[in-house]
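Data first, discussion second: the structure below is written as structure tokens.
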Amino acid sequence: MTNIRITEVFTQAMPVLEKLEEAGFEAYFVGGCVRDLLLERPIHDVDIATSAYPEEVKETFAKSIDTGILHGTVTVLYGGSSYEITTFRTESGYQDFRRPDKVTFVQNLDEDLKRRDFTINALAMNRQGEIIDLFDGLGDLKRRVIKAVGVAEDRFHEDALRMMRAVRFMSQLSFSLEEKTRQAIINNHELLSKISVERIREEFVKLALGKDSRQAFKDFLATGLSEECPGLAGKKDQLSVLTDLKAGPDDEAVFWSLIAVLINLPADKISPFMRAWKNSNAMNQQVRQIVAAFDLLSRGEESDFDLFEIGQENLEAALKLAGLLGKPLSSQVLLDRYNRLPIKAAGELAIDGQWLIKEGIKPSPELGQLLRKALEGVVSGQVENSQAAIAEFLAI
């Protein structure tokens, strides 16, 4: 055990531990919040583990919510904040390689910590600021390594998503994989196929947006994890570019666009790929637009109206994508051209469909064609953005 200075987020939660202890129970801060305290990383909330059973937690606090009571978790509302409190437990029988078939509540913190994924996440801290470290998590923090608790293969058979969490933590923390843990991922990477795509995607995106994604991507590819991901099997050579980026992506849509370009997805294959990863329709659409913009800009054939249709957000994203791929596209020139456009949105056009109808144009395909012609004329600088000038330009 060692001592650590307790910061504000823990100080605010301290009365919760005190109240549990006053009721005769043990209570500790556990997991990632303790790890991040020691690494001096931002902490947004804390997790609390206790010897109290869920019903005893509910009896101890006036306000609570049964957020995961079957697995021992109760959310209590106290002092204007909410806290997840979980009973010490053991788990067994992971037939789906993700969730335990059986959860057993125990009265011993040691047993609870044994079920956790990595040594750096198996740390606990009591109300006095003492760190309880059964697996040399403190040493692994100093060595900056991701190491499984106990036998790595057992941990990954319990929850195969932990393999993706390992490489995600590499990226976020700038840590390396402990060799036995790495070998266990190589031996068991096929188990990732048992995990829902949504959960894999969440870890994949966090990996990509982490501060040290290059090394994490090296192990993502080398351990075989990429082979179990939608659309990435057999693509190690193309994806190896991810291991050489000077800086990783800082935007999720740009990241997916980068993947689409690296694996040479034709335009009509982007949507199926994005759907296979269970991405939202909005993300799907944005990625298709970014890749299309990147392809157009790469050819150097873009008109002012093309820039107008691309729009500022997708233009900036396409330029980021070009930078990641080592294909600088005169970014400032293109942005300056965009900023000089007379209008940036169709709603800024001096006329609309109702105005054309008042001018005698019947609702018809012709009306849409005239609006398009007016928009192109204004954007390209052929005509001033005024009703009179547009009327003359359209000869109506």
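Cβ atoms are placed via backbone N, Cα and C, with glycine included.
Just so it is clear, the model here is predicted, and its values are computed rather than measured.
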Further CTP ligand in Swiss-Prot, beside Gly32, Arg35, Asp159, Arg162, Arg165, Arg168, within candidate set Arg5, Arg116, Arg127, Arg214:
Arg116
For Arg116 (CTP binding site), name the DSSP secondary structure in the helix/strand/coil scheme.
coil
For Asp47 (Mg(2+) binding site) and Arg165 (CTP binding site), what Cα-Cα distance in Å is obtained after rounding to a whole number?
18
Since the record lists Asp45, Asp159 as binding-site residues, which of them has the fewest other Cβ atoms within 10 Å of its Cβ?
Asp45
